[in-house]
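**Q** Annotated FAD binding site per TrEMBL: 143-158, in sequence order. What TrEMBL lists as domain 'FAD-dependent oxidoreductase 2 FAD-binding' is 144-176. Residues annotated as domain 'Glucose-methanol-choline oxidoreductase N-terminal' in TrEMBL: 190-352. Residues or ranges marked as domain 'Glucose-methanol-choline oxidoreductase C-terminal' in TrEMBL: 408-538. Annotation comment: TrEMBL describes H487 as active site, proton acceptor.
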Amino acid sequence: MQFQFFLDWEHFCFVGGFVWNGSGHLCRVSVKLSLKKREAILQKWSRETLLLPLRIAFLLLKIMCLFVYFSWSDENSSNPAWEAIGYQVEAIERETKREKERPLEKGIIEIMNEDESSLKESLVQKGINVAEDENENVYKIKCDVVIIGSGCGGGVAAAVLAKWGQQVLILEKGHYFVPEDCSGLEGPAYSELYESGGMLTTQDGKIMVMAGATVGGGSHVNLARWIRTPDYILKEWSKESKIHLFGSHEYQSAMDAVCERIGVTENCVQEGFQNQVLRRGCEGLGLKVEPVSRNSSADHYCGSCCCDCRRGEKKGTDSTQLVDAVKDGAVILTGCKAETLVLVKSEEKSDIQAIVVAEALGPALFAAFFPWVSRHDMNDRMTKYARTAVLFALTRDHGSGEVRKQGHIKYRMSALDKENLKMGLRRALRILVGAGAAEVETFRSDGQRIRCKGTKNEDLEEYLDTITAVGGPRSRSEYWTLYSSAHQMSSCRTGANEEDGAVDENGECWEATGLFVCDGSVLPTAIGVNPIITTQSTAYCISKRLADSLKEGKLL
């Protein structure tokens with residue numbers, strides 16, 4: 001099958017004619033270009049170093065066209081291109097009727113299904129005190145603890161605080177989905193489960209920020225890799241950062257508790273194609289290979305956990321800790337985004353206020369991320385999709401950035417980050433070669449590939465010497481790439497004092513009494529492995545301390 005992508009060049013030239021005419025009048029320009037010339041224009045845009053908006057336009061067109069083409073499906077959840085590339089969506093028989101009650105049904109209020117009057121009624125029915133302020137035209141909701149976000153940190157905090165008798169209200173900007181709602185299709189999954197539909201980037205367009213935006217947050221869309229906090233990280237945080245919690249028995253017990261509740265297992269009955277390639281390549285290089293713990297059964301193998309687990313065997317907070325919280329009276333408002341926090345002193349001395357802040361490669365994403373060099377090259381890549389293994393380098397970054405307003409993220413890699421990425425990429429390529437790959441390449445805009453069979457070792461080494469961490473699409477280098485961040489950490493880090501961090505060891509903000517943070521943003525540094533167990537364990541400790549304090553009638 002040939003894959004062809006068409007642009008309406010007539011409309012494009014109409015806009016271009018208006019921009020470049022300079023006469024102040026709209027003029028329609030119609031130019032018919034051959035397929036070869038259209039392809040040449042896109043190739044030129046991709047390599048553009050002076051007029052960077054053209055490169056950005058190319059990138060946006062590439063991502064949009066390829067993602068839509070390979071994620072689209074008909075009413076039967078089918079796409080004719082999938083057969084050609086060897087891709088299929090697992091077929092699971094579903095009962096026509098939904099079970100009587102979803103796991104969180106008793107505690108969920110879905111705002112999109114409510115109006116002003118019914119929302120108040122629903123809150124009251126679930127035991128929440130609601131007062132209407134006619135002067136300000138707002139509802140004032142009274143409870144013990146408000147948790148913003150239902151992911152790895154928020155879900156754990158909700159369970160702990162509700163168990164200790166606190167009236168907990170959870171605000172989640174995403175929506176609630178159960179396995180019966182899952183189609184296993186990339187398009188709907190990214191649109192419904194990820195921040196900005198999975199297309200959120202840093203301002204320079206260099207890094208794709210993959211973050212869950214649904215009930216369960218990152219734990220709902222995580223690829224099921226659960227790794228305990230490495231000992232050297234705990235030693236660094238407790239000794240160098242002087243955060244004694246991470247060197248305590250309290251933290252070790254917290255890791256045990258969250259792993260037990262989530263059902264973490266170290267066994268894996270069946271390895272996927274990507275892991276088989278990784279294992280074979282590592283063993284060929286004499287590297288030690290160990291299985292990674294997962295939050296699912298030993299025989300779980302659905303292949304679509306990042307697009308929601310259709311079997312329901314992967315355990316996120318939405319099927320574990322939040323269920324516990326709801327059983328203990330917690331209420332979850334979905335489709336509800338917290339925009340401003342206003343902390344005021346209560347006139348009643350016995351009234352304690354505590355706010356815990358918590359946030360937490362199918363063919364479409366494969367095609368969108370991979371470099372486009374030409375139409376024939378893309379066709380060749382996609383027909384090899386089922387036989388392509390993708391390895392990536394995960395670094396413990398040292399760079400920093402800032403978020404001044406919603407959706408505007410700035411981040412700059414440090415020189416050490418770039419060096420670590422370079423070494424990681426080279427190691428990944430060596431593993432693929434060791435596994436017997438016929439060809440290896442990178443995500444750099446030109447493909448940066450080499451045929452492996454028949455290639456001399458010196459030629460391979462010469463190729464590997466060209467591997468570097470190149471700039472993003474807005475760099476003025478001829479070749480560029482896209483990076484991805486699936487684990488956002490340490491933006492509100494814990495510090496031994498106000499100069500070292502935004503919150504103290506108990507998760508309380510130095511600047512605001514009663515405002516607690518217990519998600520991945522409080523980790524003192526990045527950890528270099530999947531941070532879910534670390535995030536949940538930290539949240540467990542912070543919320544447990546807070547619960548003990550509230551029970552005594554005071555804040556920490």
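Yeah, the Cβs are placed from backbone N, Cα and C, and that goes for glycine too.
How buried are these features, and what lies next to them?
**A** Within 10 Å of the Cβ of G149 (FAD binding site) there are 28 other Cβ atoms, across all protein chains.
Averaged across the domain 'FAD-dependent oxidoreductase 2 FAD-binding' (144-176), pLDDT for the predicted model comes to 92.
Following the DSSP three-state reduction, the secondary structure of H487 (active site, proton acceptor) is coil.
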**Q** Any idea what the Cα distance is from A157 (FAD binding site) over to H487 (active site, proton acceptor), rounded to a whole Å?
**A** 19
**Q** For the binding-site residues listed here (C143, A157), tell me which residue's CB has the most neighbouring CB atoms inside 10 Å.
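**A** When each Cβ's neighbours within 10 Å are tallied, A157 tops the list.
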**Q** Measuring Cα to Cα, how far is C143 (FAD binding site) from H487 (active site, proton acceptor) in Å?
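**A** Computed Cα spacing between C143 (FAD binding site) and H487 (active site, proton acceptor) is 31 Å.
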**Q** So which one is it: of the binding-site residues V145, G151, G153, which has the fewest other Cβ atoms within 10 Å?
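**A** Comparing Cβ neighbours within 10 Å for the binding-site residues V145, G151, G153, V145 has the fewest.
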**Q** Kindly assign G151 (FAD binding site) to one of the three DSSP-derived states: helix, strand or coil.
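**A** Going by the DSSP assignment, G151 (FAD binding site) belongs to neither helix nor strand, so it counts as coil.
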**Q** Given a 10 Å Cβ-Cβ cut-off, pick out the one of the recorded positions I147, G155, H487 that has the most other Cβ atoms nearby.
**A** G155
